[in-house]
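Undergrad: Have a look at the structure that comes next, please.
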Amino acid sequence: WTLDPAGDWYYRWINLMALPILYNWVVLILRCCFPEVQEAHVGLWQSLDGLSDALYLLDIAVHLHTGFLEDGILVQDISRMRRRYLGSWTFPCDVMAMLPTELLCLLPGVPRVPGVPAARLNRCLRVPRLFEAFNRCETRTGRPNTFRMAKLMLYLLLGIHWHGCLYFALSAHLGLGVDSWVCPSFTRLLRHYLHSFYFSTLVLATVGDTPKPQREEEFLFLTAGFLLAVLGFATITGSISTVIVNLSAADAAFYPDAGPVQQYLRAQGTGRQLAERVARWHQHLRTQRKLPAEREVLQHLPHGLQAEVAASVHLPALRRVGLFRSWEYSVLRQLVLRLRPQVFGPGEFVCRRGDVGREMYFIREGRLAVVAEDGVTQLAVLGEGLYFGEISLINIKGEPHTTPQCHPVVPWGSWPPCPTGKTAGNRRTANILSIGYSDLFCLGKEDLAEVLAEFPCARAAMEAKGRELLLRMGQLNTGAEAAAVAAKAEAEQRLQGLEVALEGLQTRAARLLAQLEASTLSMALRV
């Protein structure tokens, strides 16, 4: 058996291995510096130590069966995996962490190590495995910044824990309560630990307000603690600040900043009501987690992966359109990359009657109303999963000027006639108003044309489907379509005539060129 280092089972295993490593880092120092803890639960500690060692041994076996990448291909040869692991620096560290150093206490002439856990400190050498688990969790979790904060807080608490345990051990060596600097003598063990933890927090956080040391050992220990705080804890604190800044940067990448818009509105002296509408729109984006800048968020992904992500999110909505149901998956994958999310607030018009239609819309969430010219009377209501404006994306010969844009919901007889009666172009024939907050997807005409240029079969199918819809709805001028077809046939015939004439001219030119070369050769021979 082999494990893929990028697979789920390997990910679960290293997360499991984080538990015994953290156990050794937290508990061993506690048992060493607080002998009462070791003596009170000897059986429990022996069981946990045995379980930890068993997991360490299993982890070595996992290392021997973990594949690796070579030229981008996963190597699953057992012998090569073993040679690679045995030749790496990880193997000696793993072996040193598994050495039964606590048995040294049983050798004759060797002084017994106080509180046997001190001989097991070599188990802490497996900390690189813990860092690997943290790194993989950070890349897989949906909240990486939150995980970084939790990881840095764990480092802080672990440093304070070790410093507090060493402080209590030094206090016990000097004598509990002999002066104001060492840990006072309490009757409860928990009180000893809490006081040591509090003292270490004051020292490592450089808060001050600690008792003045009286002895050389106390001066040295306190100085070492301050140096550790300046070097280590300052680095960790700076990392926490960086994570907080990244949180704000990630938030700005997802949502537009309302500040510049508000400043612009104030500078132009617009009304307060309009400014409040803009503020409510920005607030809605953040509270409902709407992402208007999807393209910017996904721009760093490879093109193929962008298509997969977009397809998983938007493909169901695209398949609801009758024009696209029979299309191939490869064409739809290219289309979903062109979808642009748009959010409309209450009372905003998505499109107005008479506007040139250059895009179609999919209703992802919300409700839209088809209203009359007064802007109040509702002719129909469009809900989630519906679409409108798809006829405006195709150019069909004989398509009228007043192509309705919401045929799935609104009866065709209810659309008001176009006063101009023109038969060219695609203009909106109704006013579409957002009742509340509406989350739409927009597909532009240029984006669709760019995709169809690479898929001629899809273009022909789309034009045929659109012509069928227009014929069914009585909105296709068959006379104009026939005239356009005849004009196209005549143009093709003329083009063929021009091609024949061009071929004749090329033949004559070739003959003249051959005659010129022959005359030149003859003249050269005569000279």
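Backbone N, Cα and C atoms are what each Cβ position is placed from, and that goes for glycine too.
What TrEMBL says about a protein is an automatic prediction, not a curated fact.
Quantities reported herein were computed from a predicted structural model and do not represent experimental measurements.
Marked as transmembrane segment by TrEMBL: 12-34, 152-170, 190-207, 219-240. If you look up TrEMBL, you'll see 323-403 marked as domain 'Cyclic nucleotide-binding'. Annotation source TrEMBL lists coiled coil at 488-515.
Could you place these features in context, so I can see how deep they sit and what lies close by?
TA: If you look at the transmembrane segment (152-170), the same-chain residues 6 or more away from its ends with a CB under 8 A from one of its CBs are 25-26, 29-30, 32-34, 182-183, 192-193, 196-197, 199-201, 203-204, 217-218, 221, 225, 228, 232-233, 236, 239-240, 243.
On the 0 to 100 pLDDT scale, the coiled coil (488-515) averages 88 in the predicted structure.
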Undergrad: For the transmembrane segment (12-34), find every same-chain residue at least 6 residues outside the stretch whose CB is under 8 Å from a CB in it, and list them.
TA: 3, 45, 48, 51-52, 55-56, 59, 62, 114-115, 117-118, 120-121, 123-124, 126-127, 129-130, 132-134, 136-137, 158, 161-162, 165-166, 168-169, 172, 189, 192-193
Undergrad: Sort the residues of the domain 'Cyclic nucleotide-binding' (323-403) into helix, strand and coil with DSSP and give the three counts.
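TA: The domain 'Cyclic nucleotide-binding' (323-403) comes out at 14 helix, 27 strand, 40 coil.
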